[in-house]
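Single-structure report; data block below.
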Amino acid sequence: MSLKGTIVLLGLLWSFQATLGIRFVIDREECFSHKAEYEGDTLHVSFVVIKSDSQWHFNEDGVDLVIHGPTGEQIHDFREQISAKHDFVVQKKGVYRFCFTNKSPYHETIDFDVQLGHFAYYDQHAKDEHFTPLMEQISKLEEALYNIQFEQHWLEAQTDRQAIVNENMSKRAVHKALFESFALIGASFLQVYLLRRLFERKLGMSRV
């Protein structure tokens with residue numbers, strides 16, 4: 001096989017990766033859709049609840065996510081999850097829907113990522129016994145690279161969440177320390193006032 005033919009074939013065999021990455025604020029319910037063109041593709045899904053709109057409240061209850069197939073069938077569901085990952089093989093081509101539900105009274109910021117992996121393998125164009133294994137190795141390598149990228153994005157979202165949690169905890173610790181300090185000062189003033197009143201009362205009784 002010529003070099004030109006090899007390059008053309010590589011272009012045909014190279015996998016197509018469709019990715020949806022979004023960070024959004026949810027009130028009650030939000031739905032997104034993603035189209036799968038081929039059966040047998042792999043859909044990777046992940047989400048992380050990054051933060052709440054109230055610095056005094058950080059939601060530990062999580063959100064719900066329900067995945068529906070092209071005909072409305074339920075593929076998978078997550079209940080009250082702060083973060084999760086899931087992947088499945090596309091059984092039917094078409095539009096897949098991802099619906100989030102927030103049961104918290106606060107708005108939540110969610111990092112959502114969908115990756116669709118597809119490898120167009122044309123066996124009729126690759127009869128060479130040395131060329132076919134090469135294409136299989138390329139396919140596995142690219143899939144591994146995209147999986148690493150997917151995992152990295154999920155870990156970055158987890159890191160963002162933890163940073164916000166730590167920041168909120170630090171603010172709460174500072175506010176708590178200030179409150180306790182003011183409470184201690186107030187208690188000291190009250191104690192001085194009561195002792196002074198008691199002393200004045202005893203002094204008045206001794207004069208009588």
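Glycine too: its Cβ is placed from the backbone N, Cα and C atoms.
Predicted, not measured: the structure shown is a model, and the values here were computed from it.
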Legend entry - Per Swiss-Prot, the range holding motif 'COPI vesicle coat-binding', considering 121-131, 132-142, 198-208: 198-208
Inset, instruction - Given the candidates ASN102, ASN168, specify the residue that Swiss-Prot annotates with N-linked glycosylation site. - result: ASN168
Inset, instruction - Express the predicted model's confidence over the domain 'GOLD' (29-116) as a mean pLDDT, rounded to an integer. - result: 87
